[in-house]
């Protein structure tokens with residue numbers, strides 16, 4: 001408190017170094033999304049924005065309250081003027097671009113998320129749909145608006161909380177904000193360990209980042225006592241940011257405790273002030289310029305990258321990504337100069353009521369357009385029927401696969417998950433979602449033979465004994481083994497999985513379909529996960545499959561081992577549909593067999609090392625899908641995959657004959 005009983009918060013004078021911090025933040029995000037390679041942790045630029053926002057809005061609100069000049073409605077009006085014009089222009093342009101470019105399914109998806117962006121709830125929408133670093137995030141046009149939604153949610157709630165604190169407990173504002181920040185940070189660390197996506201997207205688990213800035217604004221830390229201390233703080237903060245950008249990557253467990261590093265770095269730079277060397281570095285004209293246009297640059301860059309990547313088959317080159325980076329900055333400048341500035345000054349030209357009305361009308365119009373697109377199914381009439389048909393193969397899978405991943409449902413008597421006749425089931429399918437993707441072949445086999453195949457596939461749970469990706473996976477496999485051994489009617493067990501996933505991670509060598517963020521990790525006997533790609537995890541995997549096969553064979557079960565299916569790196573239905581829309585032949589889109597061999601060599605060796613036995617039969621999908629030096633993705637008029645690596649129903653049917661022959665080949669004891 002000041003001598004007059006007012007809270008210590010400097011007047012909201014301009015800080016050019018903070019614009020420089022904004023420049024660092026937006027350039028880090030921009031370079032990260034451009035995949036330029038030297039800022040693998042650039043996504044933490046968003047955290048810099050959060051700290052800056054907390055600092056600035058707290059200075060503003062506290063300063064105006066101290067002067068008895070704060071109006072909640074005026075605060076919201078300023079936010080509308082600041083955020084709405086550029087945002088809704090980007091949403092409108094993105095919808096137009098989507099109508100020209102996106103396939104119906106993707107346009108439908110985009111329309112739903114356009115509503116989320118307009119209503120500032122896109123963080124909640126994306127929380128329910130995907131991880132920020134997942135490969136399919138690169139076709140989510142408005143994914144970046146999650147951070148704007150978090151900010152707006154803070155802007156709606158935080159001023160009210162701050163007003164209450166200052167009116168009732170002004171003397172304790174620092175302690176209260178510190179407690180709130182501590183609670184939010186603890187919740188963030190805890191939730192990151194349980195559900196990383198929840199901690200990443202939802203505002204309560206990000207609030208502590210804003211509150212770090214708020215604590216600076218209310219003077220929790222006195223100004224540096226000397227220029228030397230301020231200089232040291234500035235360089236320490238800069239070092240923390242550089243370390244974040246250089247060391248973090250998409251495998252870093254984030255946000256959690258890791259997010260504290262860029263937030264502290266930002267706080268130290270703000271605390272050091274604008275007059276020390278780091279402050280002067282941040283205040284140079286180019287940094288100020290980029291900082292001023294940072295909001296518009298952030299808005300435009302991601303849709304630009306997504307749309308260009310969408311129509312481009314294959315990864316963009318470094319030069320192409322650098323070019324898009326420059327275009328993003330150019331668009332950001334134009335948007336700032338001709339959209340942001342005219343709406344931000346001066347405030348008294350347009351009545352406050354009109355500002356709110358225009359803001360509400362913008363939300364309403366975008367929501368109505370989005371709803372029309374959504375309920376039309378993405379305006380499918382924009383494309384030829386053949387293009388729409390190819391894109392629809394993204395749904396060419398077992399319709400019960402999600403529900404039937406639960407082991408207890410799989411093993412119940414006469415389970416609805418059993419393929420074919422559940423009363424005459426003599427074959428047991430066991431594995432992860434790649435086993436489940438064999439549904440097309442197994443369904444036909446069951447129809448041809450009149451028998452049943454028990455469905456025992458669970459996503460990201462390989463058929464291993466004493467090993468798995470979670471305690472539930474390990475326990476589920478134990479239940480499956482007990483069931484198979486106790487059921488004398490079962491004579492054949494089909495083992496199939498995306499074997500290399502647990503040994504090498506996801507397929508990121510080509511295409512844009514996947515990243516390794518969130519890749520499943522095998523857990524050890526103590527329940528703790530092994531590091532990705534570690535020798536310990538690979539040894540555990542090898543022992544798990546060997547022990548399972550040995551026990552099954554020892555108990556007279558015929559084991560059919562399905563080797564790895566070729567992976568592509570591309571969303572095949574989408575890619576083939578785009579090629580078809582250009583008049584190109586989808587059958588010409590193939591992938592390298594050499595890449596298959598390179599990726600699968602370790603998994604293949606482990607499976608080969610299981611040896612030979614009369615009760616062990618092997619199926620080699622690559623011999624069918626890769627008849628030459630190239631592997632097919634399209635045959636007999638249909639895509640062979642429903643994404644980048646799961647077989648579609650037509651793809652699975654390519655394996656019907658070897659599977660049926662293997663099942664019929666029941667060796668006699």
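Glycine is no exception: its Cβ is also placed from the backbone N, Cα and C atoms.
Per TrEMBL, domain 'Acyltransferase 3' is recorded for 17-335.
Per TrEMBL, the feature domain 'SGNH' maps to 413-659.
What TrEMBL records for 20-38 (among others) is transmembrane segment. Through the fold, the transmembrane segment (20-38) approaches residues 44-46, 48-49, 52, 241, 245-246, 266, 269-270, 281-284, 286-292, 294, 297-298, 301-302, 305, 315-316, 318, 321-322, 324-325, 328-329 of its own chain, all at least 6 residues removed from its boundaries and within a Cβ separation under 8 Å.
Residues or ranges marked as transmembrane segment in TrEMBL: 44-62 (among others). Proximity of distant same-chain residues to the transmembrane segment (44-62), defined by a Cβ-Cβ separation under 8 Å and at least 6 residues beyond the stretch ends, is recorded for 7, 9-12, 18, 21-22, 24-29, 32, 70, 75, 147, 150-151, 154-155, 158-159, 162-163, 166, 206, 209-214, 216-218, 241, 244-245, 248, 254-255, 259, 261-263, 265-267, 270.
Listed as Cβ neighbours of the transmembrane segment (83-103) (distance under 8 Å, sequence separation of 6 or more from its ends, same chain) are residues 110-111, 114, 117-118, 141-142, 145, 148, 152, 295-296, 299-300, 303, 307, 310-311, 335-336, 339-340, 342-343, 358-359, 362, 366, 369-370, 373, 378-379, 382-383, 387-388, 391, 574, 577-578. The transmembrane segment annotation in TrEMBL covers 83-103 (among others).
Among the features that TrEMBL reports, transmembrane segment is placed at 153-169 (among others).
Summarising the annotation, TrEMBL assigns transmembrane segment to 176-193 (among others). Listed by sequence, the residues of this chain that lie at least six past the ends of the transmembrane segment (176-193) yet keep a Cβ under 8 A from its Cβ atoms are 165, 169, 199-200, 204-208, 211-212, 214-215, 218, 220, 253-257, 259-260.
According to TrEMBL, the transmembrane segment annotation covers 205-223 (among others).
The list of residues near the transmembrane segment (230-248) in space but at least 6 beyond its ends in sequence, with Cβ under 8 angstroms from a Cβ of it, reads 24, 28, 38-44, 48, 223-224, 254, 258, 261-262, 264-269, 271-273, 275-279. According to TrEMBL, the transmembrane segment annotation covers 230-248 (among others).
What TrEMBL lists as transmembrane segment is 254-272 (among others).
Residues annotated as transmembrane segment in TrEMBL: 293-311 (among others).
If you look up TrEMBL, you'll see 323-343 (among others) marked as transmembrane segment.
Per TrEMBL, the feature transmembrane segment maps to 355-375 (among others).
Distant neighbours of the transmembrane segment (323-343): 30-31, 34, 36, 81-82, 84-86, 89-90, 290, 292-301, 304-305, 308, 316; these residues of the same chain sit at least 6 beyond its ends, with a Cβ under 8 Å from one of its Cβ atoms. For the transmembrane segment (254-272), same-chain residues at least 6 beyond its ends with a Cβ under 8 Å from one of its own Cβ atoms are 15, 17-18, 21, 43-45, 47-48, 50-52, 55, 185, 188-189, 192-193, 196, 199-200, 205-206, 208-209, 212-213, 216, 221, 223-224, 230-231, 233-234, 236-241, 243-244, 248, 278-279, 282.
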